[in-house]
Each structure stands twice: as structure tokens, then as C-alpha cells.
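Per TrEMBL, the features are as follows:
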type	residues	note
TRANSMEM	12-33	transmembrane segment
TRANSMEM	85-102	transmembrane segment
TRANSMEM	114-134	transmembrane segment
TRANSMEM	149-181	transmembrane segment
TRANSMEM	193-214	transmembrane segment
TRANSMEM	234-255	transmembrane segment
TRANSMEM	328-346	transmembrane segment
TRANSMEM	379-399	transmembrane segment
Amino acid sequence: MWPLDTSQKEVLGFAVSCRVLTLVLQALFNAIIPDHHAEAFSPPRLAPSGSVDQLVESLLGGLSRWDAEHFLFIAEHGYLYEHNFAFFPGFPLVLLVGTELLRPLWGLLSLRSCLLISVASLNSLFSVLAALALHDLGCLVLRCPRQAFYGALLFCLSPANVFLAAGYSEALFALLTFSALGQLERGRSWTSGLLFALATGVRSNGLVNVGFLVHSQCRGFFSSLMVRNPLRQLLKLMGSVFLSVLTLSLPFALFQYYAYTQFCLPGSAYPIPKPLLQLAVDKGYRIIGGNEPPWCSWELPLIYSYIQDIYWNVGFLRYYELKQVPNFLLAAPVAILVAWATWTYVTTHPWLCLTLGMQRSKNKETPEKPDPGFLSPRVFVYLVHAAVLLLFGSLCMHVQLTCFRIKNRC
């Protein structure tokens, strides 16, 4: 990837321009458009704010709305409330590293202001690097530099791209995921697995990336059957699949165990500032050291599943309500695009799809020249990933968020 060629330099320049424009526009609209007072998480500010803090808030406060407030709160206070555990620790830890780099400004700025500056600078960096990583991945998979270039530009221009600038974990997750896929396409499974594991520590849906590793390992297994000992290769495949699942699930499992120790084991409580304690009383938030939550008695006590069910109302067909029709219309273009792409690919490569991307043609003796671009055999696993995300998300998740993730990952 380094040094950059002409196409990569163009992607870099375009991505940087988009980031700068996004930050300028959000500061402008944050100043002229009043905030919508939604029933979102909004904790009280504990530290006094000076004139410089107020300036930072007026310029970058728009990056802290909705879920971003959770990440900023976790970085500043830790995991105090039960529903905070829906947000994984990777991104808050990175924000704290960013505030350490701003240590010379600590006497001038509050911790929240430092966190806002970290959000703006780090997410801008992550999103630019993610665009470069996506361009690199596109060149490897599509074997068509022009399509890879346009794909990276569309990634930068996506309307949902505002979440890559805001205090969300999407930019870091995209960078880690695209980089991991690029390493996997180069045959570097261990490096890819490590990056995938880091991505899982940033967002829970990183768990589904294990499909890329398993598919790559199965392809290697079938391609080596004719020249190597089948039993030995089968044992090697089973071992590599087990290690892949273990590696990617370890961050998720450790985080769930940490939540269990905080809520379900005695002696985990620690002092909570009175304003934050009062917020828990007013809003009905469960805090560490309070009554034991019901999920502690489950056979598999996963706080994440409980939070998605109780706090976010995520479940099978729960989003299918008349009032959600506008959100389904919002998601319709991406849903139609993925459905059309899936149909086009399946009808073009029926045998490849029947063999799950392992064999392109019934005729093994006559190898065909790989198609460049979207119809390349390498695209199969990515298309399956997008189709599964769309199907599962449309049935079990908030559909507009599902299509946003598809746009920024597939």
C-alpha cells in the first residue's frame, strides 16, 4: 500500500477533502439549527466549562449526539450503567489515548473537550485510512483499479458517512475490517485474524467476520485435496477453524465476563458521583452494585443480548410497525441494490454459488479466465456477507441502521 501510487493519492486527497468539509458543515449547522430534544442518553456535565470549552462544544458538539454520547461517557467515567455495555471498549480506549496526546492542553480544556477533539481528529484519520484500505481491497478483489477507485470515492460520499466523523466506532471498525480483509486476500491469515479480533473489540458485529476466515480456509482445503494427504488437510482445517472462532470471539467473551463480574458478583460496586447516581434514579438505569439483573441467572449470562432485547427492543419482526414505514423507505434503495446484485451474481455464476464459491465451473480441466470487476469469483463471499446482513437486519434489527452498515462495509 505504501508508497502511494497516483490512484491512491487521488483517493487520499478526496477522502481528506470530504472529512474537512464534513467537519465544517457540522460546525455550521450545529450553530444555526437548534437541537432536537429526543429521549436520548444525555448525562449531566460534572466538570465546569470555561470559555475555551464552550468554543469547542459549539464547534464539535454536533459530533456527540445519540450513541456518541455513550462512547464519550464511557471514556470519561467508565461503564457505570447497564445499557453502557451495549458499546464495546475498543473505541473509548482509543479516545483516551487521543486525550493523552493532548496532555499539554489539560490545564486549558476539560476532559470532555479533549475527548471531542480526539473524536474529530481520530475519526477523520480513521475514515481516510479506511478509504485507502477499501481501495486497496478493491484492487485485490475486483482486479479492476477503476472500479476500486470509484468504490472508494462512493464510500467517502455516502450520506451515512456522517457517522464516520461523529463520535461513533464505525470509522475505526471500518479501518480494521478493510485492513483485515486486505491481509486475508494476500494470504496473511494470522495478521488478518488479529485485525478481525481487534475489530470485534470495537463492535460486536465483528463476530460475523469469522465467515471470511472460514471461507478462505475451506478454499485452501479444497484446492489442496488433489496434491496432499486429505486426512492431514482435514485436521489442519478443523484446527484453523477452531482457532479462528476462538480468536474472533475472545474479545466479545472477555467483555461479557467483565460485565458479569460487575453486576453478578459481590463486591464490585464503587463510588458513583451523585449527579450520575441521580440520573440513574430519574431514568431507571440499573447501576453496578444495585439489584442483581435477571440475565445473571441465565444459563449463558450475556448482558449484550439482554440489553438489545430490553433497551433497544431488537428482536424478530419487532420493527415491523406502521410508524416505521419511513425508515423502511429510507432503507429501500440499499436493500434493492443488494437484492439486485445478489440476483445478478447468482444467475451469472450458478455453479460457483452452488459450490459456495469453491468451484467456478463444472469442467475442472478447462480453467476459465477470471472476470474482472463485480463478477469476479472473489466477490462471492463479500456478496454473501452483504445478503446475510440484509436478511438478518431486515428481520431482526432496526432496518435503517442495517442498510447503513451494509453501505459502509460491503
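From the backbone N, Cα and C atoms, a Cβ is placed for every residue, glycine too.
Note: TrEMBL annotation is automatic and uncurated.
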Long-range neighbours of the transmembrane segment (12-33), counting only residues six or more past its ends (CB under 8 A): 4, 58-63, 120, 124, 127-128, 131-132, 152-153, 156-157, 161-162, 165-166
Non-local residues, at least 6 beyond the ends, that sit with Cβ under 8 Å of the transmembrane segment (379-399): 141-142, 208, 211-212, 215-216, 312, 314-319, 324, 327-328, 331, 334-335, 338-339, 341-342, 345, 349, 352-353, 356-357, 405-406, 409-410
Close approaches to the transmembrane segment (193-214) from elsewhere in its chain (Cβ under 8 angstroms; 6 or more beyond its ends): 88-91, 169-170, 172-173, 176-177, 179-181, 183-184, 241, 243-245, 247-252, 255, 304, 381, 384-385, 388-389, 405
Same-chain residues at least 6 beyond the ends of the transmembrane segment (85-102) whose Cβ lies under 8 Å from its Cβ atoms: 67, 70-72, 74-75, 79, 109, 111, 114-115, 117-119, 121-122, 167-169, 172, 198, 200-204, 251, 255, 259, 303-304, 307-308, 311-312
